[in-house]
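Asker: Got a structure for you, written out below as structure tokens; questions coming shortly.
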Amino acid sequence: MIKQRTLKQGIKVTGVGLHSGNKVTLNLRPAAANTGVVYCRTDLNPPVSFPADAKAVRDTMLCTALVNDEGVRISTVEHLNAALAGLGIDNIIIEVDAPEIPIMDGSASPFVYLLLDAGIEEQDAPKKFIRVKKKVRVEDGDKWAEILPYNGFRLNFTIDFNHPAITKNLSTYTLDFSAQKFVQQISRARTFAFMKDIEYLQSQGLALGGSLDNAIVLDNYRVLNEEGLRFKDELVRHKMLDSIGDLFMCGYNMIGEFKAYKSGHGLNNKLLRALLEDQEAWEFATFEDKEKVPQGYTVGAQVLI
């Protein structure tokens with residue numbers, strides 16, 4: 001039986017909030033089987049919890065934010081969510097003492113290594129996957145995203161920026177997902193921004209924690225980070241990282257093929273909602289026989305390093 005996963009022990013880290021620029025403490029704790037992914041604002045009295053749910057995503061400007069009916073929010077959840085998806089963690093309590101998850105280095109890699117440091121253990125309950133049964137597609141102008149049946153988890157993403165540093169041959173990336181490929185090829189890809197946008201955002205009191213330490217920054221001609229890029233196509237890899245995190249907002253790993261052109265957090269969430277709302281488009285899948293598990297989900301997270 002393919003089993004659910006949680007952490008062996010809790011682990012804590014401190015970082016900076018991307019938008020506030022303030023110190024943020026993040027505490028990751030194990031959770032019982034069938035708990036799911038639960039985000040919790042511990043700075044509020046009483047604390048406010050947000051179970052991972054596509055419908056809880058109500059703000060996708062610049063990041064993915066969970067907002068409840070009272071307007072309480074947790075922003076910038078997508079990179080941590082991607083790390084959970086990449087390692088196949090089903091049950092976890094995520095406590096944060098601020099309205100946003102710390103940005104760390106702008107990628108999912110710090111979260112991956114935090115989770116691996118805490119340790120991952122299997123639980124005595126079958127792991128549930130969402131298996132796509134028919135194609136679902138959403139569009140917004142020339143942007144689109146779709147998910148189709150596929151026996152595994154494959155992703156194809158294309159970006160399109162009119163910028164000399166983002167050439168056509170660096171604008172498309174395809175991944176046949178596995179935990180190991182996620183860690184090695186996707187998790188280290190950092191978020192990116194253009195200098196003109198950062199200056200505007202900071203003038204509006206946003207992105208106050210943004211810097212060359214936690215983002216790739218481009219002017220009109222080049223990448224400004226002295227160390228350059230971690231991959232030649234790091235930008236499109238990061239958009240794929242975002243998509244993995246956004247699709248995991250349902251709390252289950254996907255069995256299907258995701259394709260997107262110029263998609264972002266909003267369109268990714270629109271696709272996930274459209275899929276889940278169509279009862280004929282998906283089903284839950286569990287696997288008693290490990291031999292029948294789709295390619296990419298067969299290797300345990302313990303074999304990553």
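Here the Cβ of each residue, glycine as well, is placed from N, Cα and C on the backbone.
Here Swiss-Prot flags His265 as active site, proton donor, drawing on sequence analysis. For His79, His238, Asp242, the entry in Swiss-Prot reads Zn(2+) binding site, with the evidence type sequence analysis.
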Asker: Using the Cβ center of His79, His238, Asp242 as the Zn(2+) site position, which other residues in that chain lie within 8 Å, going by their Cβ?
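Answerer: So the extra residues in range turn out to be Glu78, Ala82, Gly106, Ser107, Ala108, Ala189, Arg190, Thr191, Lys239, Met240, Leu241, Gly245.
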Asker: Going by DSSP, is Asp242 (Zn(2+) binding site) sitting in a helix, a strand, or coil?
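Answerer: For Asp242 (Zn(2+) binding site) - judged by DSSP and reduced to three states - the answer is helix.
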Asker: On a simple 10 Å Cβ count over all chains shown, which one of the recorded positions His79, His265 is most densely packed?
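Answerer: Of the recorded positions His79, His265, the most buried by Cβ count within 10 Å is His79.
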Asker: Relative to the Cβ position of Asp242 (Zn(2+) binding site), how many further Cβ atoms are located within 10 Å?
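Answerer: Summing over all protein chains shown, Asp242 (Zn(2+) binding site) has 24 other Cβ atoms within 10 Å.
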Asker: Relative to the Cα of His265 (active site, proton donor), which of the binding-site residues His79, His238, Asp242 has the closest Cα?
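Answerer: In terms of Cα distance, His265 (active site, proton donor) lies closest to Asp242.
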